[in-house]
Amino acid sequence: MAHEREPESLHVSSRMRCSSTDSMVSESSVTKLHDERTPLLQRQSSHALGEVEHLPTDDSTTTLRPRAILILILIVIAIFTLGDTISDTPQKRIFESIYCYKYWEEHDPTKLLVSRENVGPGAIGGVEEKWCKVASVQADVAMLRGWQIFFDGIPSLLVAIPFGILADRIGRKPIVMLGIFSFILRISWMQFVCWFWQALDLKLVWLSALHGLMSGSSPVVTAIAITITSDVTDDRSRATSFLFISASNMIMYFVGPPLGALLMIINPWIPYFLSTLIYIIAALLFSLIPETLGYTHPDLEQSARDRNSAPITTPIPDPLTTITAPLSLRRRLISTLSTFHTSTSFLYTDLRIALLVLPFVAIMLAGDAGEILLQYASTRFSISYATATLYISITAGCKVLVLLLLYPFAGHVLTSRLNYSGLRKDLTLARWSMVVAALGWTLTGFTTSIPTFIAAELLVTLSYGGTSLTRSFVTGIVRKTDVAKLYTFVSVVETVALMAGAPAMAGLWEMGLRAGEAWYGLPFWVQGAVYAGVAVAIWGVGLRKGEDGEREEEGEREERV
């Protein structure tokens with residue numbers, strides 16, 4: 001959920017129909033419940049072997065209607081994104097202020113407005129902002145942020161898969177709650193370092209990356225939030241729901257930065273501290289969302305009720321035969337590898353998934369390029385961060401219109417007039433969005449005025465939503481039992497792209513600064529080339545026999561796959 005990424009941004013990053021109050025669990029969920037959650041030694045040993053047990057038909061995991069759950073998810077993502085966006089520009093300004101003060105303290109102390117003894121937290125007010133656009137200061141800020149993203153990705157990469165599997169076992173809610181709490185710890189530590197900048201090295205903010213060990217950080221939390229959406233939607237509404245998630249994300253990108261910029265006029269610390277309070281509010285609201293693991297959509301509820309009403313024979317194991325000696329290290333390793341191989345088999349049984357992952361790589365690199373965008377506009381056009389933020393916010397507002405109006409309208413035309421299936425519609429729109437993104441980012445690097453900059457960013461805006469459509473398409477070609485694992489795999493790929501891309505984009509930005517004004521657009525030219533390559537790859541993906549029509553029943557899909 002960090003930065004301008006589709007939740008997914010998470011990245012999302014970043015992706016409904018009314019039901020009865022009592023939700024029914026599917027047959028696979030019942031089996032999972034007994035296989036994974038029933039204690040090995042039963043408490044009531046008086047049950048006879050093979051005693052018939054009826055599971056309760058009222059699943060307590062969720063009492064809200066799917067539409068209510070979706071609305072809550074949208075609100076939580078919006079509020080969390082507000083906290084992220086309202087603090088982004090102030091944080092950059094504080095970083096810039098600290099580096100700027102130290103730079104002029106060494107090179108030209110006459111630029112200092114306040115002595116070191118009297119300057120406030122974050123060196124705010126120590127130097128006029130117009131003197132902070134020198135290449136050295138901007139390069140330091142970019143590298144600090146770039147390596148921060150890299151270090152944030154390391155814990156995510158290590159624990160993303162385990163947390164994804166855990167979300168399929170214990171539930172989605174506890175993982176997301178833990179993730180939100182870790183974000184609060186992260187930003188609090190960064191504020192602490194910036195407040196005491198004279199005593200602490202600013203690079204200590206990198207230690208905030210340790211928060212990812214608690215939950216997998218933004219990629220995992222975003223992936224699981226999208227999984228919750230997938231849990232409560234069917235094939236007809238899933239793509240639209242993902243687009244609405246992206247829209248709720250974008251609404252806050254339209255509201256948050258200008259609000260933060262206005263509060264920065266008073267002091268950058270005001271929106272920076274306000275973001276922490278907003279994260280806490282997001283956590284409280286998310287606590288209202290019920291657990292959706294094993295949730296059955298209303299369209300499938302009747303068949304699930306028929307299956308669940310049948311008695312299930314649950315043999316009670318003999319305590320003497322169920323107690324086994326601990327497995328050897330070798331056997332445990334083999335068992336773990338076997339489980340991992342089975343859990344990820346869907347990744348290499350359909351090679352299309354590898355190609356469909358590429359758009360998620362591109363959007364992560366776009367997020368890295370977006371990190372540079374504010375500095376690019378501020379430096380190239382000699383304007384303040386606050387002013388540059390207002391210009392960029394214009395495009396964020398247009399993204400909301402694209403997601404809420406343009407893509408739904410285009411999808412309606414394809415399905416109603418051209419008789420496209422849902423999967424073909426998603427694939428077609430995703431293909432063209434990659435082409436438009438390639439053009440938009442390339443033109444961004446060539447802009448020489450504010451109007452052309454806004455025009456180029458509006459072109460990029462037209463491509464926004466492509467990864468949501470890709471996510472919907474790839475969700476439609478895998479089994480429902482593999483969805484959470486798929487999203488977790490995507491989050492790992494996104495994390496790797498983010499880790500590699502952030503320092504790379506910062507390095508390209510520094511190279512452009514050193515080479516001169518004509519090369520300021522270097523990071524965006526590279527981003528345009530990446531999207532061009534992704535466009536070529538995704539145009540090579542097609543539909544298989546039986547996919548270009550109404551979605552098959554889950555049982556038929558499992559047999560076919």
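Cβ coordinates are placed from backbone N, Cα and C, and glycine is handled just like the others.
Here is what TrEMBL records for this protein:
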| type | residues | note |
| --- | --- | --- |
| REGION | 1-37 | region 'Disordered' |
| COMPBIAS | 19-31 | compositional bias 'Low complexity' |
| TRANSMEM | 68-86 | transmembrane segment |
| TRANSMEM | 147-167 | transmembrane segment |
| TRANSMEM | 174-198 | transmembrane segment |
| TRANSMEM | 204-229 | transmembrane segment |
| TRANSMEM | 241-263 | transmembrane segment |
| TRANSMEM | 269-289 | transmembrane segment |
| TRANSMEM | 353-377 | transmembrane segment |
| TRANSMEM | 383-407 | transmembrane segment |
| TRANSMEM | 453-474 | transmembrane segment |
| TRANSMEM | 486-506 | transmembrane segment |
| TRANSMEM | 518-541 | transmembrane segment |
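Taking every recorded stretch in 68-86, 147-167, 204-229, 353-377, 453-474 and counting its Cβ pairs under 8 Å to the transmembrane segment (383-407), the highest total belongs to 453-474. The recorded stretches the transmembrane segment (518-541) and the transmembrane segment (269-289) do not share 3+ CB pairs below 8 A when only pairs 6 or more apart in sequence are counted, and are therefore not in contact. The highest tally of CB pairs under 8 A with the transmembrane segment (68-86), across 147-167, 174-198, 241-263, 453-474, is held by 241-263. Proximity of distant same-chain residues to the transmembrane segment (174-198), defined by a Cβ-Cβ separation under 8 Å and at least 6 residues beyond the stretch ends, is recorded for 80, 87, 91, 94-95, 98, 116, 121-123, 163, 166-167, 204-205, 207-208, 211-212, 214-218, 220-221, 224-225, 228, 272-273, 275-276, 279-280, 282-283, 286-287. Below 8 A, the CB atoms of the transmembrane segment (353-377) and the transmembrane segment (269-289) form no more than two pairs separated by six or more positions in the chain, fewer than 3 in all.
Sequence-distant contacts of the transmembrane segment (486-506), counting only residues of its own chain at least 6 positions beyond either end whose CB sits under 8 Å from a CB of the stretch, comprise 8, 10-11, 13, 139, 142-143, 145-150, 152-154, 156-157, 160-161, 163-165, 167, 216-217, 219-220, 222-224, 226-227, 230, 344, 346-347, 353, 357, 360-361, 363-365, 367-369, 371-372, 471, 474-475, 478, 523, 526-527.
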